[in-house]
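Notes for the one structure printed next.
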Amino acid sequence: SQPWPGPPPQPEILAPNPPQETWASKYKFLLSCLGCCVGLGNVWRFPYLCYRNGGGIFLIPYFIMLLIMGLPLFLMELSLGQYGTAGPITVWKCCPLLKGVGVAMLIVSSLVSLYYNVIIAWAFYYLGSSFQSPLPWSCDAPRNADLCQVVAGMVTCWGCVLQNTSGSARRDSASEVFWNEQVLGVTHSSGLEDPGPVQWPLALCLLVAWILVFLCMLKGIRSSGKAVYFTAPFPYLVILILIIRGATLDGSLNGIRFYLSLDWSRLQSAQVWSDAASQIFYSLGIGFGGLLSMASYNKFDNNVIRDTLVITIGNCCTSFFAGFAIFSVLGHMAWRNQVPVGSVADSGPGLAFVAYPEALSLLPGSPFWSILFFLMLFTLGVDTLFGNIEGITTAILDEFPALRDWRRKTALLGVLCTSFYLLGLLLVTQGGIFWFTLIDTYSTGFGLIIVTLFMCLGIAFCYGVNQFCQDILDMICRCPPWCSHMLGYFRVCWVFFTPCLLLFTLIYTFLDMYTVPLRYGTYEYPAWGTSLGICMGVLTCLQIPLWAAVALCRESGTLSDRFQKAIQTLRSWRMAAAWDVAGDVIDVPFTITLTGSD
């Protein structure tokens with residue numbers, strides 16, 4: 001053989017990047033995830049769905065959907081983030097063909113962050129107003145004397161439906177007038193095409209909300225992890241206090257009976273099962289990328305199955321017990337006004353900012369209870385927003401590592417918060433509630449379900465469900481027997497049951513979208529407004545085929561060869577997983593490349 005010409009080649013060792021920061025304790029991660037999942041929907045949507053869909057019977061499809069769809073998808077997101085130690089875009093090194101799923105998650109999180117902080121601004125406005133006595137939306141306030149007077153032939157009522165011998169009539173309550181005229185100013189707008197001027201008190205509240213988010217997220221999980229020690233447990237304390245207080249009120253049992261009334265015939269309705277699936281899907285925060293990002297800061301050997309069970313069951317129990325706090329007080333209001341409980345029940349902003357504040361205004365010491373309630377809404381909203389913003393920043397920093405420097409990261413966070421604030425000003429105009437409802441309906445509609453469906457199918461069939469289960473076992477070094485048994489159950493769900501349920505939910509969402517026109521109160525959205533909303537969902541979905549096409553174009557060969565190469569795991573995916581969070585290398589794979597001729 002010929003002697004080697006020149007100096008011997010030096011081996012090029014491809015080592016993984018140093019690990020990113022991790023959670024200081026597992027409790028910060030659990031509280032952050034629980035705070036991200038337990039949001040406003042647990043308080044203002046679940047109780048309404050429960051009474052609308054057969055009362056306590058709704059819990060049967062609800063927990064079935066949790067077992068078959070919620071738990072498997074939640075575990076999938078946490079496992080992806082923890083094993084890959086990356087955000088929603090970079091984590092798809094496990095299957096480059098599906099990088100568009102991560103980009104779509106980023107778009108969904110951005111749209112949600114845009115309008116979600118507006119809810120926090122509303123809560124701020126009401127929180128500040130709660131320090132007045134009497135409350136400005138109560139009948140004790142002098143400005144509301146005309147709204148609360150007794151009308152001949154009708155019963156005294158602070159809102160709802162007033163009945164007399166000739167039928168029923170509708171009057172705006174004091175709380176509705178306060179919400180529509182003083183807070184929103186929506187009475188001065190005719191619809192989407194007429195946003196009107198900005199409501200500057202709300203704009204100021206929105207600015208304060210974004211400043212607080214910026215300060216809490218300034219040092220990443222180090223600062224937000226400390227904030228959740230207050231923001232995560234506080235709602236539970238308030239819910240417990242409201243349950244105890246509500247149990248002492250006259251008529252509260254009527255509200256609880258209404259909440260838990262059994263109607264077995266409702267189980268035959270597809271609407272009930274669709275509502276249960278959608279509530280599980282949205283309340284757990286699946287498909288937004290926030291959970292995946294927060295899990296990426298976990299220690300590699302964290303028991304992700306245990307965390308999944310704790311967080312998901314805790315989230316669902318919170319929804320159930322929040323219903324007692326809501327309906328006990330609404331039952332008292334119905335008793336005071338001598339109307340059925342169903343006539344005062346509502347969901348969404350109508351419950352949080354009209355019906356429930358009105359009920360609180362009837363209690364002795366109403367300002368105190370109002371302050372507690374809106375402070376709870378604030379903490380619920382902020383925790384969820386932390387998860388969304390964390391998902392956005394982690395996705396960007398993973399794709400552009402040069403921004404990880406503290407100053408550049410701070411500048412990035414400042415640009416994001418400023419941009420969201422300026423764009424959110426549209427939602428605090430006099431017609432902003434119409435735009436809010438449009439974005440809320442379509443940003444997390446069919447597009448989010450399709451994104452999650454592709455995530456599930458991609459991991460199960462492209463990456464490989466057996467390989468994914470092995471990755472989970474690798475993370476849980478000392479895997480208890482029950483974890484192994486549960487993985488067998490999750491494997492079946494990921495391959496068959498969960499995709500089927502997602503497909504069912506998607507089909508029902510499309511049917512509902514095309515058969516029930518979008519409305520806000522009596523205002524029906526025009527065709528161009530609905531089309532604009534559909535475009536939001538389509539924009540999200542388009543990321544999947546767009547980035548799949550990019551991945552295919554980067555490969556060579558026939559279309560079949562390109563596809564096979566595009567679903568192959570990148571080498572950096574395994575190398576990232578080889579780092580222990582303490583910085584010690586465990587089983588690091590490396591490649592030695594020789595330069596020169598033989």
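Keep in mind that glycine also has a Cβ here, set from the backbone N, Cα and C atoms.
Curation plays no part in TrEMBL annotations; they are all automatic predictions.
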What residue among CYS139, CYS157 is stated in TrEMBL to be the disulfide partner of CYS148?
CYS139
Positions whose Cβ lies under 8 angstroms from the transmembrane segment (101-127), at least six residues beyond its ends:
40, 87-92, 183, 201-202, 205-206, 208-210, 213, 287-290, 292, 349, 352-353, 357, 370-371, 374-375, 377-378, 381-382, 384-385, 388-389, 391-392, 395, 420-421, 423-424, 427-428, 432, 436, 439-440, 443-444, 447-448, 451, 454-455, 458, 536, 539-541, 543-544, 547
Just the number: how many Å between the Cα atoms of ASP383 (Na(+) binding site) and CYS148 (disulfide bond)?
37
Between the transmembrane segment (280-297) and the transmembrane segment (531-553), are there at least three Cβ pairs closer than 8 Å, leaving out pairs fewer than 6 positions apart?
no
Distance, CYS148 (disulfide bond) to VAL38 (Na(+) binding site) (CA atoms, angstrom):
36
Name, in the order they occur in the sequence, the residues of the same chain whose CB lies under 8 A from the CB of GLY35 (Na(+) binding site) and which sit 6 or more residues away.
VAL228, THR231, ALA232, THR379, ASP383, THR384, PHE386, GLY387
Can you tell me the CA-to-CA distance separating SER283 (Na(+) binding site) and CYS139 (disulfide bond), as a whole number of Å?
35
